[in-house]
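Visitor: I grabbed these lines from TrEMBL:
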DOMAIN    260-352  domain 'Transglutaminase-like'
ACT_SITE  Cys268  active site
ACT_SITE  His326  active site
ACT_SITE  Asp349  active site
BINDING   Asn389, Asp391, Glu439, Glu444  Ca(2+) binding site
Amino acid sequence: IAATQPSTNWHLKENAREHHTSKFSSEELIVRRGQAFTITFNGTERPEQNLIFIAETGPKPSKATKTLATFDISSTVSKEGWSAVLQSTSSNSVSISISSPHNAVIGRYRLSVQSGSSSPASLGTFVLLFNPWSSGDDVFMPNKAECEEYVLEEFGIIFAGNKNHISGFGWNFGQFQGDILNICLSILDRSLYYRQDPVTDVSHRHSPRYLGRVLSAMVNANDDQGVVLGNWSGKYEGGKNPSSWTGSGEILQSWKKSGFKPVKYGQCWVFAAVLTTVLRCLGIPTRTITNFSSAHDADGNLRVDEYYDADGNHLEKGADSVWNFHVWNESWFTRNDLGPSYSGWQVLDATPQEQSGGIYQCGPASRYAIKEGEVDLDYDVTFVFAEVNADSMYWNYDSATGKKTLIFSKSTEIGASISTKAVGRDDRVDVTNDYKYEEGSAKERDVFKKARKKLGLEDKFDPTAPKVEEIEQKPDISGKFKVAGSLEVGKDLNLLLVLENLQSDAKTVNVNMTAWSTLYTSRRVNQIWKDSISVTLAPKEEKQFPIKIKYPEYQQQLTTDKTIQVTALCHVEDGIQVLVKRNITLDNPAIDVQVLGEAKVNKEVVVEVAFTNPIDTEVKDCVLQVEGSDLLQGILELRIPPLKASETSSTKFKLIPSEAGSKHLLVNFSCDKFADIKTFKMVKVIN
C-alpha cells in the first residue's frame, strides 16, 4: 500500500437502504450482521493482489473471543466467518463486498487493510447491529410488518390506568435520533459486566439473551449508575416527575450530558420505554407490555398478602403489593440454551423490584415457560410468573394483638388485560392468553400447582396458610362499588356502595369506609375521606348507598397518578367480615390538537393546541411540551398565560417535517391544577 492513507467511500446511502438503517442520521456506516455491504477505497497500487482485511472490536481484540477477524479476498461469501468478495477494480481504486457472520459480536468495529508485507492501513470505523431481517440471526423475525413495528417504529403507545379503565399514552422512542446509537453503545461499556471483565463482556455481545439481561440492569440506576433513577415516593424534588416525560431521547441525552449520572426520576413505564429504545436501536425486536393488577411477590411464595385494619384502611405491612398496572418489555429471539419451544418473545424488566444474581436485573424469561409454569428455567421465570398468576390473600390485621384473620382469597385477581400496541395501528392488543391459560380453567390451576411444586411450596408447612375452615366459611353478604357519573379530575366523584344480603334472614352490618389517594403501585399517600354507616338488610335484600367525594376534598390530596382507592370493610354481626374495594383512576380533561393544512416534507405547517379550563378557579403555570420524531428537532416548550374558569387557550406553533409517512406528534400540557395532560396526533406527511 502506498504511504498515503487510503480514502474510503462507505456508500452510506446504498448500504443503509439494503440494511434497513436509513433512519439513523450518521456519517458513519451502520450495517446489520450476516449481510453484505460494499465499500470502495483507493491508495492501493495493485489492489486485487493479496489484500488482507482486519475487522476488530473491543479493548483487546482476539480471534479466540471472535472480536478479531482477518480475511482475504475470496470468490464466495463464507458460511462461517467474515469474508470479502471483489466487486470491481479500476487503476487506483477497488470495490469490495464485505460480509459478517450471522452470530458476529455487535458494536463499533475498526476496519483496516494490509497489502503484502506492509503494515495495515486504517479504512475507518463502522457499527454492526443485530439483523432481524436475516434468517440466520438469533433475532430473525419472519414477519416484515413486525420488523417495521418492533425495530424501525419510533412511536409507541403505553397502556396504563387500571383493569376497569384502561388508558393509553404516546411515547417517542426516538431510537434513530442524533446521538442515541452512540449513547446505547456507551451504556454497554458502563455495565458492571464490562467493568469486571471487558474482554469477556464484549465477546458475549453476539447474544441477544446476554445483552437483554445486561441492559435490563443498566437502564435502572441501582448497582451500576445506570440510566434512570426510580422514585415511587410521590415526591419528586430535584428531578422530573416520572409522568412528565414524553420520550426516551431527552432521558438518554441527559444521562450522557451529566457525565453519566442517573436521570431523575423514573417509574415502570419509563424504564420499559428506555429499554425499548435501546434494544430497537441495536436491532433486537422489542415492545412494551402492560400487565394490569400486577403482583409484586417479594417472598416468592406465589401469594400476595394485603392487610387492612378494622376501619378498612389498607396497611403498609409486608413487602408484597399489587400494582394497578406494571410495564415491562418483550424482546424476540431464540433460546439456544433452553430449546426451540422456548424461543420467540422473552420478558425483560428494567424496573428495579427484586435482585436477580445479586443485582437489579430481570429476564430474559421465556413467555412460553411462564405460560407452562416452568419456573425453574432461566431467567427469573418465577418472578414474572407471580406477576401474572399469584393468588391474592386479604387479611384483617389487629395491631394491638398482632392477630391476623383471613377475610378472603382470590385466584383470578392478578394479571388482567395484558396489553401491547398493535402492529401498524394505534390500537390495543390483548396478549393475556399468551401468558396463561384461561383463569378458572382446570389447566390454569394445574400449571399453578406445577409451579408451586417446582418451588417446593406444595408440602412445606406454611404458618400463614389459611386453615380450611377459614376459607370454607361463606360470607353472608356481598358488596361492590359502582361508578355513577364521570371519572374526571376537576369533577366530583360519585360512587354507589351496593350491598346484598345473600341469606334468608335479616343482617345488621357496620360499614367502615375510607378513600385514599394512591400511587399506581397502590401505595397510599393521603387520606381523602372516611365515613361509617350501620345498615340492616332484609332477607335477600340489595341496597345502594350513594357516596360523593367533592373535587375540593380530593384536589390537594391527589397524586399525579390520579388514583384513588376506596374500601369498605363490612362487619356483619355474627358473620365473617367482607372487604369491598375498588381502585379508581381519574381521567384528565381533554386537549385538542389540530394540524392546519397539509403536512409536507421540508415545508412549514401550523399546529393548533386548545385547552379549556374545566374548573371554577383560575389555572396558572401553564406549560405545553411538544415532541415527535421526523416532525421537529428536540422538544418544544411553550409557556401559556393563566386561564380563568371555563376559559379556552389556543396555542399555535410551526413544524417542519423531515420525512414522509405516518408520524406522531406528542403533546403534554401541565398547569398548577392538572399534571401532564397527554395526547398524541397522527400526522400524515407527504412529499
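Just so you know, glycine gets a Cβ as well, placed from its N, Cα and C.
Please treat TrEMBL annotations as automatic predictions, because they have not gone through curation.
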Visitor: Given a 10 Å Cβ-Cβ cut-off, pick out the one of the recorded positions Asp349, Asp391, Glu439, Glu444 that has the most other Cβ atoms nearby.
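Guide: When each Cβ's neighbours within 10 Å are tallied, Asp349 tops the list.
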Visitor: Excluding near sequence neighbours, so keeping only residues 6 or more apart in the same chain, what lies with its CB under 8 A of Asn389 (Ca(2+) binding site)?
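Guide: Correct list: Ala295, Leu302, Ile414, Gly415, Lys436, Val447, Phe448, Ala451.
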Visitor: Want to know which recorded positions, from Cys268, Asp391, Glu439, Glu444, are within 10 Å of His326 (active site) at Cα; which are they?
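Guide: Those close enough are Cys268.
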Visitor: Sequence gap of 6 or more, C-beta under 8 Å: which same-chain residues meet both conditions with respect to Cys268 (active site)?
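Guide: Once residues fewer than 6 apart are set aside, Cys268 (active site) is near Trp323, Phe325, His326, Val327, Trp328, Thr351.
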Visitor: Compute the C-alpha separation of Asp391 (Ca(2+) binding site) from Asp349 (active site), stating it in Å without decimals.
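Guide: With the alpha carbons as reference points, the distance is 21 Å.
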Visitor: Tell me, how many other CB atoms lie within 10 A of the CB of His326 (active site), whichever protein chain they belong to?
Guide: 27
Visitor: Using the CB centroid of Asn389, Asp391, Glu439, Glu444 as the Ca(2+) site centre, which other residues of the same chain sit with their CB within 8 A?
Guide: Ser411, Thr412, Ile414, Gly415, Lys436, Arg445, Phe448
Visitor: Average the pLDDT scores across the domain 'Transglutaminase-like' (260-352) and report the rounded value.
Guide: 94
Visitor: Take the C-alpha atoms of Glu439 (Ca(2+) binding site) and Asp349 (active site) and report the distance between them in angstrom, rounded.
Guide: 24
Visitor: To the nearest whole angstrom, state the Cα distance for the pair Asp349 (active site) and Glu444 (Ca(2+) binding site).
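Guide: It is 24 Å, counting Cα to Cα.
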